[in-house]
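Peer 1: Residues or ranges marked as NADPH binding site in TrEMBL: 63. As annotated by TrEMBL, NADP(+) binding site applies to 76, 77, 78, 79. Taken from TrEMBL, the feature domain 'Pyrroline-5-carboxylate reductase catalytic N-terminal' covers 11-105. The domain 'Pyrroline-5-carboxylate reductase dimerisation' annotation in TrEMBL covers 148-252.
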């Protein structure tokens with residue numbers, strides 16, 4: 001695993017230059033895992049590539065060029081375009097490549113090697129490749145190896161969950177705005193509340209129910225607010241949202 005310890009020789013490629021690809025590239029560059037000039041991204045138009053260029057990365061409109069220049073390649077296209085992209089780049093794929101899919105709903109059987117911020121190995125991916133990806137992707141947040149069966153669930157929870165949490169943050173702020181707080185202040189406090197809560201859960205390793213119980217004083221403000229949330233069906237609606245997003249990811253994987 002010399003390459004994992006000294007990451008500078010690695011050239012990292014992105015086929016597709018959307019938000020997920022940009023976030024991974026930005027995390028790798030900012031953490032010093034790879035130098036910006038050793039990142040090459042491809043996309044049909046300049047609209048997304050400009051964000052890579054702003055990071056100091058190389059760009060191209062040629063997907064094959066990415067495979068020819070980089071040994072570690074993230075396939076970050078839309079799910080419905082990935083099959084055609086795979087056909088396009090197949091002639092230049094070698095046994096030395098590590099291919100990582102961040103396309104929702106694309107099964108391992110399509111790629112043979114795949115990974116994401118939860119990492120699932122394909123049949124040809126060994127321990128060294130998994131270790132390398134975990135080392136790199138740790139720069140972008142938590143990275144865990146899981147069975148492929150969890151990938152669609154992760155899309156519904158960790159991928160779509162960003163939008164769900166943003167909706168809740170917005171609703172928190174709007175409640176405060178309704179009660180008279182200025183909008184900018186309300187949104188800042190709502191976001192900070194989510195951040196502080198997440199840090200407590202991750203750093204202390206506690207179950208959310210434990211933390212919730214700790215902040216509920218008998219007869220106090222929090223328990224009254226929680227009662228209102230239960231009446232509104234927040235818990236059931238959130239579970240249904242994750243279920244719906246996961247089901248859609250499974251549908252995409254069958255197409």
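From the backbone N, Cα and C atoms, a Cβ is placed for every residue, glycine too.
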Peer 1: Which residue among the binding-site residues 63, 77, 79 has the fewest other Cβ atoms within 10 Å of its Cβ, if you could check?
Peer 2: 79
Peer 1: In whole Å, how far is the residue listed as 'NADPH binding site' from residue 78 (NADP(+) binding site) when you measure between their Cα atoms?
Peer 2: 14
Peer 1: Which whole-number value in Å describes the distance between the Cα atoms of the residue listed as 'NADPH binding site' and residue 79 (NADP(+) binding site)?
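Peer 2: So the alpha carbons of the residue listed as 'NADPH binding site' and residue 79 (NADP(+) binding site) sit roughly 16 Å from each other.
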Peer 1: Among all the protein chains here, how many other CB atoms are within 10 A of the CB of residue 76 (NADP(+) binding site)?
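Peer 2: If we count other Cβ atoms within 10 Å of residue 76 (NADP(+) binding site), we arrive at 28.
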Peer 1: Go ahead and report the DSSP secondary structure tallies for the domain 'Pyrroline-5-carboxylate reductase dimerisation' (148-252): helix first, then strand, then coil.
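Peer 2: Here the numbers are 90 helix, 0 strand, 15 coil.
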Peer 1: Please list the DSSP helix, strand and coil residue counts for the domain 'Pyrroline-5-carboxylate reductase catalytic N-terminal' (11-105).
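Peer 2: Taking each residue of the domain 'Pyrroline-5-carboxylate reductase catalytic N-terminal' (11-105) in turn, the totals are 46 helix, 19 strand, 30 coil.
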Peer 1: Please work out the number of neighbouring Cβ atoms within 10 Å of the Cβ of residue 78 (NADP(+) binding site), leaving out its own Cβ.
Peer 2: 12
